[in-house]
Structures are given as structure tokens and as C-alpha cells.
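Features as listed in TrEMBL:
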{"type": "BINDING", "residues": "Met55, Gly203", "note": "substrate binding site"}
{"type": "BINDING", "residues": "Arg130, Ser176", "note": "ATP binding site"}
Amino acid sequence: MTDRVLQQPDRLADTTGALLAEVRSNGPLVQCITNIVVANFTANTLLALGAAPAMVDITGEAGLFAGVADGVLINLGTPSAEQREAMREAAAGANQAGTPWVLDPVAIGALPVRTDLAVDLIRFHPTAVRGNASEILALAGASSGGRGVDATDSTYTAATAAITFAREHDNVIAVSGPEDLITDGKAMVRVANGDALLTRMTGGGCALGSVIAAVLAVRGQISTLDATASAHVIYGIAAERAARGAAGPGSFAVRFLDALASLSPEEAVEAARVRAEHASTPEPNGAGA
């Protein structure tokens, strides 16, 4: 049965504010093994959030660092041979140390090397997996693979696969889209915060994985589901604020960092558009409560 807390949007909004305050107070150290296209924006996103980025992504160091980091992001965007081995080291190190880690299976299904790598990394039990609908379907073995980093399937098409995968692997799956769906296999949280300009700038999806890792790092007794959903709310609100007055994707990217840096816990609570329900295949309804 869905947790009673999750049935109350105001309670999840309060959790979002509390977790944002925790990130700002604690400055979690987040190791990012990410792609070369988005590394700079990802690091700046973490700094704007109040976390500390560490782009430690070489063999011999990645696994060791994952054991001392507060959170880890592994993003498969540009997986060189050395980086693939570093990813395995980091995933193993995080799993052994109990460090929360996030897998972003960029463009899997469409490309074989990264698809095999994603399947291999699952054995190290990611705390959360974030991807678009096509990537989540591919990871669950339920679909072909989209068009590079772009989704060709709808968020709702991937919902059943996400629920099943989360139940089988005891983790949280987040499906990004116009309305984000986040599930632990028992409950489904819908987050309606966000803006379409996120899809028109490099790193708009990838940097979200780092925010999830940072929030998971400070979650304490808060559930992984609630923390992952809260990360989406924080990110989405920053995007909404940045879009106001942005001339296009270029100015939006800069305004996004400023909006994230200036977002207060109280503002996050007020602006959250989120609700939860039993984990069954949802119907699109336009927005959360």
C-alpha cells in the first residue's frame, strides 16, 4: 500500500524544502563520472545547489573515491574504454561502502556497448536510475532504444516497465518527461514542475542525475522514493523560474544556475507540484496536484 505520507502533496513538498536545506547545510561531496559534453554544466549545477562536485573518473581512483564520497553519479553519455572500467570500479565501491549512487543510462537500447554496460552495472545495485522513457524501457528489456539521448516513447508507456524493474531490483526508477514519474514499485510519484527549455540545452537531463545523488546523500531516514522525487521538484522549480524572461536556451542555461542557487527551501515548498498514487500504470492527466 502507498505510504500515507506520499498521499499528501503538502507533506512531500515539506520534505522537498527540508532536503534542500540539508544539502545547503551539509554540502555533500558528489562524485560524477559523466560525459564530456555535460561535465562542466553538471559541476556548476551541483555548486549552485550547494553541493561539492568531484569529477573523479579514472581507473585506480574511481572506486576508492566512491567509498568516501557522499553520493555518486554514473552517466553513460560518452563511455570511453577507461571510463567504462572506472564506472565499474565506482559502482562496486559505492555498493560496498553503502554510498548512494545514481545510474543515468544515456542512449541505451540504441547503442550496444553502453547497453551492455548498463546491464552490467545493475549488479552493483544503483540506489536510483534516472532516464527518459526509451532508456528505461531498454534497461527493462521492453523496447528498442529511442534516438540517441532523445526519447521516442512516452513517459506513460514506460511506467509499467519502471514499476516492474523497481520491484525486481529494490530501487527507485525515475522516468523523465513533461511530467516526471518516480516509483519504487509500490508507490508512484508524479512531479509536474519543469520547463520545456530543459530539453533544448546540453545537460538539461544529465545534470538532474547529479542533483538526485546530492539529495540522496543527505536523505537520512527519508525514503529513497521521497528524496528522488524531491530532487526532481527542486530541479523543476529552478527551470520554471529560469524560463521566466529567458530569451532562449542560451540565456535559460545561465538563468537556471542562478535560479537554482537562489531557490530557498520555503520557495521550494510553495512551488512544488507533486502528488503520489498506488504504483499502477498511470494515465496522463496534464499535471500533478
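The backbone N, Cα and C atoms fix where each Cβ goes, and this holds for glycine too.
Computed from a predicted structure; not experimentally measured.
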Cβ packing number for Arg130 (ATP binding site), 10 Å threshold: 31
Rounded to the nearest Å - Cα separation of Arg130 (ATP binding site) and Gly203 (substrate binding site): 13
Ser176 (ATP binding site) and Met55 (substrate binding site), Cα-Cα, nearest whole angstrom: 24
Distance from Gly203 (substrate binding site) back to Ser176 (ATP binding site), taken between C-alpha atoms, in Å: 13
Number of other Cβ atoms within 10 Å of the Cβ of Gly203 (substrate binding site) across all protein chains: 23
